[in-house]
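Reading through the structure tokens given below for one structure.
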């Protein structure tokens, strides 16, 4: 049995239940999702539409001037397939307002600005639409730190963050996400020609199997090598997981008092809901 | 003798005891209307599960003058009730406890003896360890209560068995995990298997009440069950949804099963004691507490 195989009916029912619970218990009925045209945001959008009703979900398309037409079109496919409400808010002007002040800006820096502009738009729409921002990061990219802190990684809650990309594709297929979106090369589309797998240097299919062994099955790096993985690949992944851990935790607070937020002031986020 | 059980598989509001109490009273009333004899609520049913720093603010004592137990005791005059709560003892230690209420009195309180403090669990940080595993008498024969992790240690149900329990009342707030290609989560599969195993090897009734709902990202999966002394599944509550599931058990099944399979008669307790003493005296064996 492949450990990455999931029962999609079960995942679907737990995740829609989670979205309903986290939304309604904090007094909301609605959700806002940045829909990029990729499979991750498509998945969150399909789940939210099923959990809350499509009329209660706002899909936001946020193209930058270099964004590909495919991204916009595929986002529209998601909107049409789910029947959710939608709005298109280009981020070119707001992003360029900062980018143009620094003529030699590296593309990674520009990409981070775009991701954070989208976060601002989503949280603004959250207020305007009266819905919570639903996350669209999967387990693979969270572990590899392949995201912009306070950018695409920002959300009120995340239904898909415990699904590896490979598992997410299974669920996407089962829930009827358009095949073209499932099959296309994953990309942050922050610059022309960018692909996740090109930037990372390995495929999701490969790294998901390795991450599953290391994280879920608690294999040591040496055991992963014994299981047939290239040592260099294993070391790259281990390093990435450690190096980007800061993106997965709240910023640490310097402890001074007897009770400090994050150390000994411990409550679930659901406290009081 | 036949006993009508009601498994009260509820969701709870984290840390809001009044609201949870209201739900208890509602379920109890419904169970009474259906002629149930015993209604069983899950672990920490009055408080919710991941309490962390809320523990001291939601803890109660199972006494007649406690405002929460006063109401539960009043309603227990014509139905027996197992209820889960955070308990504060007279010296201000906090326990995960379940009380058995009957005929307006507290018949028994079990304090969870195994507090999982690993993986996603952090109970040992917030709660004290209970110190006893004891059976007690009810209107329906002798029973024993165990809370979740308690029954992952075979010694706990074994002790209840030796102490005369024929009804094993298990309660849980079990966070679901282990999504695979199987139709149920690994947790659901594990818990159901051991419940069935205990029913078979202790030739007793094993009744398990688990909660449902979400706390942050944790998902409680329900699926409460009743197994008879043959290990047969008599009732199973739905997964994930709140439910009041009824199950009539025939206590004479104990007689029939044990006539066929006299495991209890043949259990060699003195041998167990001898061997345990020998093992625990060994210099190289100091594991556990």
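The backbone N, Cα and C atoms fix where each Cβ goes, glycine too.
Annotations in TrEMBL come from automatic prediction, not curation.
Annotated ATP-binding residues in TrEMBL are A:34, A:35, A:36, A:37, A:38, A:39, A:40, A:41, A:136, A:165, and among A:16, A:66, A:187 the one listed with them is A:187.
Between the alpha carbons (Cα) of residue A:116 (deamido-NAD(+) binding site) and residue A:36 (ATP binding site) lies a span of roughly 14 Å.
Here the CA atom of residue A:141 (Mg(2+) binding site) lies 16 Å from the CA atom of residue A:36 (ATP binding site). Under a cutoff of 8 A between CB atoms, and with a sequence separation of 6+ in the same chain, the neighbours of residue A:136 (ATP binding site) are A:33, A:34, A:36, A:40, A:41, A:43, A:44, A:152, A:155, A:158, A:160.
Look at residue A:40 (ATP binding site): DSSP puts it in a helix. Within 10 Å of the C-beta atom of residue A:141 (Mg(2+) binding site) sit 23 other C-beta atoms, taking all shown protein chains into account.
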